[in-house]
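What TrEMBL records for this protein:
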- 20-39: transmembrane segment (TRANSMEM)
- 51-74: transmembrane segment (TRANSMEM)
- 94-113: transmembrane segment (TRANSMEM)
- 144-165: transmembrane segment (TRANSMEM)
- 185-206: transmembrane segment (TRANSMEM)
- 278-300: transmembrane segment (TRANSMEM)
- 320-339: transmembrane segment (TRANSMEM)
- 398-416: transmembrane segment (TRANSMEM)
Amino acid sequence: MSTALRRVRKYFISSQVYEALRPLFFLTFLYGLTPFHVVRRKMGESYLKMSCFGIFNIFVYIVLCGFCYISSLRQGESIVGYFFRTEISTIGDRLQIFNGLIAGAVIYTSAILKRCKLLGTLTILHSLDTNFSNIGIRVKYSRIFRYSILLLVFKLLILGVYFVGVFRLLVSLGVTPSFCVCMTFFLQHSVVSIAICLFCVIAFSFERRLSIVNQVLKNLAHQWDTRSLKAVQKQRSLQCLDSFSMYTIVTKDPAEIIQESMEIHHLICEAAATANKYFTYQLLTIISIAFLIIVFDAYYVLETLLGKSKRESKFKTVEFVTFFSCQMILYLIAIISIVEGSNRAIKKSEKTGGIVHSLLNKTKSVEVREKLQQFSMQLMHLKINFTAAGLFNIDRTLYFTISGALTTYLIILLQFTSNSPNNDNGNGYECCEALHNMTNHTL
């Protein structure tokens with residue numbers, strides 16, 4: 001039994017950065033989101049290799065997505081359209097298809113044009129192992145490996161349950177979606193989810209390395225507090241950092257440790273800035289399509305529950321509300337995953353400043369004080385930050401922004417519905433008149 005457990009455990013242990021990312025890059029390579037796949041050399045070392053098939057696979061997905069989205073747009077078909085059709089739902093449907101087409105184009109174009117940015121980020125993360133070894137730390141990647149596995153399983157499980165539930169519901173009522181509709185529905189949700197997984201794992205890699213740096217600096221402070229060490233005293237090793245799956249193997253002077261920590265922090269910030277250049281437009285399109293779907297899904301649900309809907313549909317109210325609620329929750333999870341992945345890395349980076357100033361207050365060595373002051377200046381100018389094309393920061397303030405915008409648009413849509421004299425047969429003039437009345441009432 002113990003032998004079997006050891007064999008199973010072996011599959012969840014990784015000692016190399018590329019090996020830890022193997023399952024993730026296998027899936028992104030399969031979906032055409034990256035042209036790389038992890039290859040192992042004869043000596044046992046892993047690395048990322050770009051292949052011609054990877055580039056060809058990306059172009060195949062671009063053509064497939066373009067064909068399916070344009071066909072669905074021209075035919076006016078969609079999964080939402082099978083549930084009901086109103087003027088507002090038709091507009092929302094077309095907006096979602098158009099936005100999904102843009103999102104697919106941006107994600108797959110970034111996979112080709114900005115592949116060097118992603119490769120550069122991973123190269124810096126790989127080179128950090130050497131810097132950590134200089135201060136007596138050997139990093140293990142088991143946590144990153146397990147995190148990527150759990151995240152992928154969680155996302156794929158949710159998508160699998162959602163897809164099976166939706167298509168069984170449609171088939172039970174005799175509705176057979178066309179090939180293009182099925183592909184747009186499947187690709188939109190799955191590609192967005194896997195792209196989010198890639199961002200979250202990269203952000204988690206930054207978080208783990210920042211945690212190591214913070215723990216190294218905390219250990220210095222702990223040594224000065226409990227052992228009354230002089231700042232210039234040598235031949236002292238750091239404490240074992242078991243909580244981070246690493247251990248110390250050499251002795252270092254505190255000034256050398258702080259200097260190496262500065263270099264590590266600089267490299268982490270450089271890698272984060274490079275990763276932001278790769279993901280920035282992807283995150284903008286993903287957050288935009290998620291917001292759009294949440295707005296319209298919340299409107300459809302509220303309209304039905306408030307009894308204002310005059311829809312004609314084969315589906316019962318429970319089935320109708322369940323479908324749109326599940327789709328809304330799916331994209332809420334997408335936004336939360338992006339924001340929390342970014343926010344955790346940012347918060348770890350912010351903690352470093354407090355630890356450095358704590359050391360600055362405790363040290364009596366002129367050399368160490370100068371190093372800490374340099375580190376403090378570096379922390380002021382180098383910060384980890386993720387943005388969506390520079391339009392807004394991706395942190396927890398985004399929750400408030402989205403909530404405010406969501407509330408505003410829901411109120412407008414609900415007032416638009418209540419002021420419309422005839423929801424089913426209203427023409428363009430009546431819609432404009434209702435919108436004009438709503439504006440006068442607001443003023």
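Here the Cβ of each residue, glycine as well, is placed from N, Cα and C on the backbone.
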Leading contact stretch, 20-39, 94-113, 144-165, 398-416 vs the transmembrane segment (185-206) - CB distance under 8 Å: 144-165
Residue numbers, six or more beyond the limits of the transmembrane segment (51-74), whose CB comes under 8 Å of its CB atoms: 29-32, 34-37, 94, 97-98, 100-101, 104-105, 108-109, 111-112, 179-181, 183-184, 187
For the transmembrane segment (20-39), distant same-chain residues with Cβ under 8 A (at least six beyond the ends): 14, 46-51, 54-55, 57-58, 60-62, 107-108, 111-112, 115, 118-119, 122, 141-142, 144-145, 148-149, 152, 190-191, 194-195, 197-198, 201
